[in-house]
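Lifted from Swiss-Prot, the feature list:
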BINDING   Asp41, Asp43, Asp45, Asp52  Ca(2+) 1 binding site
BINDING   Asp118, Asn120, Asp122, Glu124, Glu129  Ca(2+) 2 binding site
BINDING   Asp155, Asn157, Asp159, Thr161, Glu166  Ca(2+) 3 binding site
DOMAIN    28-63  domain 'EF-hand 1'
DOMAIN    82-99  domain 'EF-hand 2'
DOMAIN    105-140  domain 'EF-hand 3'
DOMAIN    142-173  domain 'EF-hand 4'
Amino acid sequence: MQFPMGPACIFLRKGIAEKQRERPLGQDEIEELREAFLEFDKDRDGFISCKDLGNLMRTMGYMPTEMELIELGQQIRMNLGGRVDFDDFVELMTPKLLAETAGMIGVQEMRDAFKEFDTNGDGEITLVELQQAMQRLLGERLTPREISEVVREADVNGDGTVDFEEFVKMMSR
């Protein structure tokens with residue numbers, strides 16, 4: 001199932017991407033990276049794990065291939081002790097941010113879309129919230145079975161709801 005999303009906020013347009021690859025990131029881009037990083041730094045120790053990096057990259061709108069994730073994982077394990085701090089994350093992501101083209105979803109757009117579904121603001125999308133959002137946002141009335149199927153596909157941890165990370169994965173398919 002596809003959900004309509006807004007335009008990208010931090011990725012460069014095709015015409016200027018080549019010229020801009022060597023420029024430093026702007027303050028707004030660094031803040032975008034910081035927001036994304038903090039979303040995945042659950043214990044607030046200033047680090048994210050190697051395994052969370054792929055999900056974090058997807059949150060930012062970058063869709064790494066399996067090979068890229070394997071290579072990054074090896075680099076992180078060898079050079080960074082299996083964990084990435086914010087500075088290392090910026091260093092890893094800067095070339096990707098500068099090289100990507102328009103049409104990708106940024107963290108804020110993803111978070112805004114999630115909030116449209118999570119109407120009570122508790123950080124989880126329930127069956128009822130999904131059904132209401134589909135009707136309100138897309139004009140689609142899904143059956144309870146169809147709603148359950150959407151949640152089941154997205155609900156990685158099996159708790160019956162869709163949290164932000166699961167939402168990002170669902171939107172990345």
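Glycine is no exception: its Cβ is also placed from the backbone N, Cα and C atoms.
Counted within 10 Å of its Cβ, the other Cβ atoms near Asn157 (Ca(2+) 3 binding site) come to 10, all protein chains included. The DSSP secondary structure for Asp52 (Ca(2+) 1 binding site) is helix. Among the binding-site residues listed (Asp118, Asn120, Glu129, Asn157, Thr161), Asn157 has its Cα nearest to the Cα of Asp52 (Ca(2+) 1 binding site). Helix, strand and coil residue tallies for the domain 'EF-hand 4' (142-173), in that order: 20 helix, 2 strand, 10 coil [DSSP]. The Ca(2+) 1 site is set by Asp41, Asp43, Asp45, Asp52; from the centre of their CB atoms, other residues of the chain with a CB within 8 Å are Phe40, Lys42, Arg44, Gly46, Phe47, Ile48, Ser49. Mapped onto DSSP classes, the domain 'EF-hand 2' (82-99) shows 14 helix, 3 strand, 1 coil. Spatially, by CA atoms, the binding-site residues Asp41, Asp159, Glu166 include one closest to Asp118 (Ca(2+) 2 binding site), and that is Glu166. Cβ-based neighbour count (10 Å, all protein chains) for Asp41 (Ca(2+) 1 binding site) stands at 20. Within 8 Å of the centroid defined by the CB atoms of Asp155, Asn157, Asp159, Thr161, Glu166, the record's Ca(2+) 3 site, lie the Cβ atoms of Glu124, Val151, Ala154, Val156, Gly158, Gly160, Val162, Asp163, excluding the listed residues themselves. Residues Asp118, Asn120, Asp122, Glu124, Glu129 make up the record's Ca(2+) 2 site, and a Cβ search at 8 Å around their centroid adds Phe117, Thr119, Gly121, Gly123, Ile125, Thr126, Thr161 from the same chain. Of Asn120, Asn157, Thr161, all annotated as binding-site residues, the residue with the shortest Cα distance to Asp43 (Ca(2+) 1 binding site) is Asn157. Nearest neighbour of Asn157 (Ca(2+) 3 binding site) by Cα distance, taken over the binding-site residues Asp45, Asp122, Glu124, Glu129: Glu124.
In terms of C-alpha distance, the listed binding-site residues Asp45, Glu124, Glu129 place Glu124 closest to Asp159 (Ca(2+) 3 binding site). According to DSSP, Asp43 (Ca(2+) 1 binding site) is assigned to coil rather than to any helix or strand.
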